[in-house]
């Protein structure tokens with residue numbers, strides 16, 4: 001049986017290598033080698049409509065007080081034409097271009113020029129130079145982990161300006177929101193296009209590139225696994241974390257400042273959104289070294305999906321709750337506000353505790369306790385591109401015994417709390433929980449497809465031990 005499987009794997013590798021014109025022994029996991037019709041249709045849909053979706057949400061707030069139905073009704077009834085809506089949309093300005101260029105440049109400087117010092121005085125924080133996971137080609141990349149430092153420096157300067165320097169208004173982001181959208185799109189498309197050209201002509205590691213032969217799929221999902229410029233500028237780490245996620249909390253602060261400017265106060269709902277999303281952002285940077293082991297870094301190639309998504313989709317659609325509350329300030333009753341806060345904290349606890357269980361298990365190679373007991377696990381093995389056999393363990397205790405992606409369950413609870421903070425007046429702020437449900441369910445399926453290809457029969461033993469993906473007893 002083993003000989004038959006080895007022969008089958010060898011034939012698959014040979015077929016894949018012929019398809020890609022590479023040497024023998026390419027990886028058996030990661031993104032697709034070939035594109036089926038459904039994947040291609042999905043790619044074309046996203047490339048066409050994702051930018052329009054972002055524009056539609058932002059435009060509906062600017063012109064229709066965040067109503068998602070009124071723009072469509074105006075167009076369908078003939079009350080307005082597309083040209084009428086477009087002509088009322090602010091265009092790209094030199095001011096916005098200057099702000100955005102300065103912002104990105106500043107984040108590049110913080111990323112490249114200031115080695116991390118936070119790990120020297122913050123107990124428990126892991127920063128500085130850290131190693132990532134083994135790539136399909138058997139490479140272990142090193143990263144300068146300094147995101148928390150960049151976040152702290154950025155926000156100290158923001159509050160110093162708001163309180164003492166007064167070089168610009170704290171509402172500057174909201175006041176230039178749509179012109180900044182065009183800047184973010186330009187950067188997103190530019191970096192995605194550059195990454196594709198780089199993958200063809202001067203890849204960082206040719207063995208970690210994948211070509212399907214389909215231009216649209218390769219452009220969206222990426223060719224290079226870890227595109228880099230020089231030794232330290234890693235595209236995935238920079239664009240996943242900076243500038244979008246550093247900006248997330250600044251954007252919310254700018255929305256809160258605008259709410260105060262317009263109405264004379266900041267509502268408890270806006271405070272809740274700032275606090276709960278701020279916790280999520282700080283958690284991301286506190287655990288940036290752990291992030292090197294996640295699906296984004298370990299499996300995704302760098303293309304439009306990450307390049308444009310991190311520049312545009314993340315900062316513009318993940319902050320919809322704060323934007324909505326500028327146009328529709330909501331003062332929650334004590335019970336509602338308390339419930340939202342508790343739900344958000346519960347979601348965060350599940351998200352963080354679940355990830356910590358896996359991290360502890362990995363760091364100790366299973367020599368630890370989960371919920372006071374020795375953890376149970378499944379022994380697995382896989383072969384990297386260079387033919388080396390690797391061994392790993394899949395945890396089946398604690399939260400990981402409840403569901404295979406229970407960390408996503410906590411993430412969804414937190415996402416729901418952000419939305420509930422906005423009350424029930426409009427659908428727009430609830431887009432986030434709808435989107436996150438689709439995204440994380442899709443991630444479950446993508447991750448499990450990779451793991452099935454990577455681990456083979458060992459993965460089947462694991463899914464038999466932990467039968468549910470997200471919700472114990474349901475899914």
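Cβ from N, Cα, C; glycine included.
Summarising the annotation, TrEMBL assigns region 'Disordered' to 1-25.
TrEMBL lists 1-15 with the feature compositional bias 'Basic and acidic residues'.
Taken from TrEMBL, the feature transmembrane segment applies to 37-58 (among others). With a cut-off of 8 Å between Cβ atoms, the residues of this chain six or more beyond the transmembrane segment (37-58) that come close are 68, 71, 177-178, 181, 185, 214, 216-217, 219-221, 304, 308, 312-313, 316-317, 320, 323, 428, 431.
TrEMBL lists 148-165 (among others) with the feature transmembrane segment.
If you look up TrEMBL, you'll see 177-197 (among others) marked as transmembrane segment.
Taken from TrEMBL, the feature transmembrane segment covers 302-320 (among others).
With a threshold of 8 Å between CB atoms, the same-chain residues lying at least 6 positions outside the transmembrane segment (332-351) that come near it are 267-269, 272, 275-276, 279-280, 283, 399, 406-407, 409-418, 420-421, 423. Summarising the annotation, TrEMBL assigns transmembrane segment to 332-351 (among others).
Sequence-distant contacts of the transmembrane segment (415-440) (same chain, at least 6 residues past either end, Cβ-Cβ under 8 Å): 57, 60-61, 66-68, 269, 272-273, 276-277, 317-318, 320-321, 324-325, 328, 330, 332, 336-337, 339-341, 343-344, 347, 405, 408, 470. Feature annotation from TrEMBL assigns transmembrane segment to 415-440 (among others).
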Same-chain residues at least 6 beyond the ends of the transmembrane segment (148-165) whose Cβ lies under 8 Å from its Cβ atoms: 106-107, 110-111, 114, 116-118, 122, 125, 127, 242, 246, 249-250, 253, 257, 281-282, 285-286, 288
